[in-house]
Each structure stands twice: as C-alpha cells, then as structure tokens.
C-alpha cells in the first residue's frame, strides 16, 4: 500500500488546535472511505509523558499496547476509528535515546553522530514506519515554527517532502489571524511572518488553516494567498466554535478534503458526515442537565482529566443531558467536609498519584456511599472507595494503601511485584524500579461477575480496558471485605487481581482499577460512563420529586 503523508505545523502561538484540526481532517478522509492514521511528534526531551506533571503537560493518554502518550492521541481516537499505538507518538528524548543506544553498540561504525543525518534519519524512519498500512498518515509536529526544539523534526519532514514527492506529501500550516477591535479588522501580518519563517526552513505550505474568533473575510483570504504563495482555495478559515465536533463539517464545507484527494490522486466517495451530524444534534438538544463533582488534585488544569471530561460529555449525549462538571480540589474536601460536596448529582474520583489530597477523596467516597449518591471511581478512585469501605464498614481501622502509608496495619492496597503483560510475559518490579517502567499498562481482559451493575452495563461477561497503575487490591483482604458486603465485580484475565468493585444495595456505586475514559468516543460513548450519568439523572429526579 502506498501511504500519503500530510505534515501539520503551527505558527504564531501555541494551542491553536493543531491536534483537533488534524483529527478533524482525518475524520473527513475516513468518512470518504480512506484508511487514516495520525502521528504526533513531540519536541521535548522527555522520553515519554509518563513521568511529566499533569498540571504542566496535561493528561497522559494510554494506548491499547500500553504506550504513555500525548493527550492529542486521545483526540485522534475520539475522531477516527483507527486505534493508536506506540508508533503514533514519539519525542526528541525517545529519538536521542535510541540513537545513543545504537552508537554505544557500535552500529554507526565509529562515525561522528550528528543531528543531520543521524537524528533526522531516525525521525524519518519512525514517520514512515508509523504510516505503513494506511492510505493517509497525518503527522502533527508539536510546538510552533521557530522553536529551537522543533528544528530536527522540521528538517526531517522537509527531507521527507523531497523524498516522497508532491504526489505523496503535502504540508498544512495552522496560523493565527487575530481580530483587532480598535482597528475593526483581522490582521494577516502574523500569518505572513509565520509562513516566512517556515519557508526559511525550506518548507512551503500547501494549505493554510487560519484560526481566529471569526470567519476570515474573502478579501483577507485573497491577501493571505497572495503574500504567502498559497492557492486562495487552500486558505481555510477555521473560526472558534462551541463544539469541536462541528469542525469536520466546517472544513469539508471549504473543500479541504477535496484538495487533499486531488493532490494525492485519490478516487474516493463523498464524505458521509451523518454520524457527526447526529452527535451535533444530540449536543444541541438535551432534555436536561446534571452536575457531576470531579474530586481530584490536578483541577487547576482541566486538561489533566481531558479524556474523563470528554467521556462524561459523551455519556451526556447518550442520555440526552448536558453534563456540567464541577471541579473539586480533594484538599478542600478535607478542609470543608460535606459542604464541599453539596448540590451534586454524582461524584467521580479519577486517577492520580501521590499522597496529597487522598483523604479528601476517601471522604468523597464515604459521602457518596452514605448518601446513596451515584459514585464512579477510576483507578485511584477505586482504591479510595475500597479503603473507605474497609475502614468504616469492614472495621479495618486505619486501613490504607502502602503508597500513602507503609506502616498501615491493614494494607488493603499494595504494590505487586509480579504480573503478566498483554503478551503473556512475566514482568517484575519493586519499589526501586524506575517510575517509567513500574506500571501495569495497556489493554487487558477483565472477567465480569454475572448479575452485577458492571456486567449489566457492558452487557457481557467480560470487557477489555486500559490500565495505568502500580498498586493493586491486596488479595489477602478480599474475603473479609466480601463478607462485609463489598462485591468484587471484575477480575483480571487470570482471576488473581481485582479490577472492579461495587456496592449491591446502592443506586450506583461502581469503581474500576482501569481507565475506561480512554475508549469513550462521541459516536459510541462508554457503557460505564453512560450508566453513571443515567444514575446521576435518576438521582436528580428523585431529589426533585
């Protein structure tokens, strides 16, 4: 299969939405019957985002094969059917690590290792490998043109543009076209300078996507076309919209997909965006609204919980309600108690690491259990629910996780030292292992207990969900907790690890060790999030009646 490549760059400012634009174009091409994938090339020196602070970088998105990747890969999976894997995201750090490893082995036969050609060749090889087996591969370059960190990536795609030729490569550049209120007009000069910078590197953009808070007037598009040496029809206006799921229709209405198909000589059907039209209709026509309290420790940056936020919105679409998310600092729950949790229709405790705020999460689980408020725990959210139950129902005073208290008399959650990965290999770890290599990662099978809310939600005896955690429920306490009334509704493939828990005599108190948010999409939703939102809606109706 001959793969065509679209390289996406950004200029003027960061956070223009390159990831959303790339994903939207991919969605259109997929709707035309093409097999599309997307890659993200990150210029930072970290090997991967796995050990980066969520308040700086945002969420770490986990792929089926266990790669810890940039949150943009979450956008990609929510827009297209193709599943991402570790080939879809790599960093400067990863490239340098691999090149240096080869140098130490003597693979370069004593040559002087340089950015050109050794680093650029490694980047090109990964890009070509990631695109194998697809009609079109869209490659997003992180950062903005002019960043010193991005130069090796930009040089690599410049070389690929020459090597692949015009029939197999094209360049799409996102820029900002700001509106100045005092002048009463949009300004194109930042775009002109951004394109000038890109051309100085040797890359001439084929398509310009102009971001702004309003549509770009026709005369300004003509001006951009003239000064940036881009066809006028290839100057695309991408204004701010109230829903990112409107962007595919906005782009196809301006013929962006036709430009791509014509350039690559692709004969394919017209784009069928009916699924996206249905999503937009559901979003615009809710039958009510609910408020979900998200009790976390990284709430100052909502992107730290990006996939959870989106999964709640998707569940709202399926239940025809608007889901309002109230971010609650778990430390404020420690300080204010029940007052911090008043007025909610449901509580969600997402994943997290470290001791700060954990007692507030435990209090949130207690509040939900005692007040029959729908509760959904994810990863650490399951562990705190189990700790709370152990302390206050099973009578295990001072029960805790060894992550937070190594001297706890009842370590109901602990670090396991051996487990089987997705390929059946035995993995081992201990507390001295590097943080980047100590977690159970990726998609794994979970057996569901018949008659439970979990099995009812999935409509199946099993599910496959993605993991990202170091600590597990201590099997030593399972029978004691079961006797006290806790239901272990999901077990690992070998039935040795607890994957889900729930309370049988509660409207909806369900928690999982995995991260279901990573597989939720606007078109399909996710059964656990749908069940949680439905329970929250039912609780609201009971409260109002």
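Each Cβ is built from the backbone N, Cα and C atoms, and glycine gets one as well.
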L-glutamine binding, same site as 380, 381, 382, 383, 403, 470 - Swiss-Prot member from 343, 346, 352: 352
Further ATP ligand in Swiss-Prot, beside 15, 16, 17, 18, 19, 20, 239, 240, 241, within candidate set 72, 167, 303: 72
According to Swiss-Prot, which candidate in 102, 223, 246 joins 14, 147, 148, 149, 187, 188, 189, 190, 191, 192 at the CTP site: 223
Sparsest-packed of the listed recorded positions (72, 140, 517) - C-beta count within 10 angstroms: 72
Recorded positions listed as 187, 223, 515, least Cβ neighbours within 10 Å: 187
Fewest other Cβ within 10 angstroms of its own Cβ, chosen from the binding-site residues 240, 403: 240
Count of other CB atoms lying within 10 Å of the CB belonging to residue 381 (L-glutamine binding site): 27
Distance from residue 403 (L-glutamine binding site) back to residue 17 (ATP binding site), taken between C-alpha atoms, in Å: 37
Spatially closest candidate among 14, 192, 223, the listed binding-site residues, to residue 383 (L-glutamine binding site) (Cα to Cα): 14
